[in-house]
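S.K.: Structure below; questions to follow.
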Amino acid sequence: MATTATEAAPAQEQQANGNGEQKTRHSEVGHKSLLKSDDLYQYILDTSVYPREPESMKELREVTAKHPWNLMTTSADEGQFLNMLIKLIGAKKTMEIGVYTGYSLLATALALPEDGTILAMDINRENYELGLPCIEKAGVAHKIDFREGPALPVLDDLIAEEKNHGSFDFVFVDADKDNYLNYHERLLKLVKLGGLIGYDNTLWNGSVVLPDDAPMRKYIRFYRDFVLVLNKALAADDRVEICQLPVGDGVTLCRRVK
């Protein structure tokens, strides 16, 4: 999920019922879905996701589950989706903004060809190094160029060199929601025509459809407006074709067409 400590949450998100009371939607970090039925989501995981999950990704998921901010991780079904997507578009040069322990990063690295690359950025190297042994064990660490620190300066440096324009096949953004639009404007210069940008958490725990006065955790409420603005902006942006999917916490794919 995101890279900022303010976006970390306790065990699980909560929703308000008709009486305004709080109720827990899911009881474990393995459940990260907007589906109303826990049983249905567990069926998806048990039937189609976990049996096909590479051992290295399973190990990284289990390591991450012990971290106090484990809700920041990409869900297993979304990791499977990203892995398939990378293969479908034949991506070779990719970027990830917001790494956390690297579950989505590993999903991407495993999908890339041997000479594929990922420019990965996160403000917290410690979290990345927590998952690094799993990435190294999978034999894909050589594909990753990890940069610790804010992503915007790195993007600006890339844009300053003409050779980087339109050079990336795929970018996955799972970081500070208040900068998503800043990332978007820069990434449109760096992603090739026909290339994809994926924005994570675009349904933001389902809060995008809640009334303003609905009970919400503080960090959900704080970033909710940024997500709402992003969704509206992407829907109106004729430089991209978009597809918003209820995978994980919501992911919006943008295909650059201009």
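Backbone N, Cα and C atoms are what each Cβ position is placed from, and that goes for glycine too.
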S.K.: According to Swiss-Prot, Thr74, Glu96, Gly98, Val99, Ser104, Asp122, Ala151 bind S-adenosyl-L-methionine; which one of Asp115, Asp169, Asp176 is annotated to that same site?
M.R.: Asp176
S.K.: For the divalent metal cation site that Swiss-Prot assigns to Asp200, Asn201, which of the candidates Asp174, Asp178, Asp213, Asp225 is also assigned?
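M.R.: Between Asp174, Asp178, Asp213, Asp225, Swiss-Prot records just one in the divalent metal cation site with Asp200, Asn201, namely Asp174.
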S.K.: Rounded to a whole angstrom, what is the largest C-alpha distance between any two of the residues Thr74, Glu96, Gly98, Val99, Ser104, Asp122, Ala151, Asp176 that the record assigns to S-adenosyl-L-methionine?
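M.R.: Comparing all Cα pairs, the maximum is 19 Å.
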S.K.: Tell me, by DSSP, whether Asp200 (divalent metal cation binding site) is helix, strand or coil?
M.R.: strand
S.K.: Would you mind reading off the Cα separation of Val99 (S-adenosyl-L-methionine binding site) from Asp200 (divalent metal cation binding site), to the nearest angstrom?
M.R.: 12
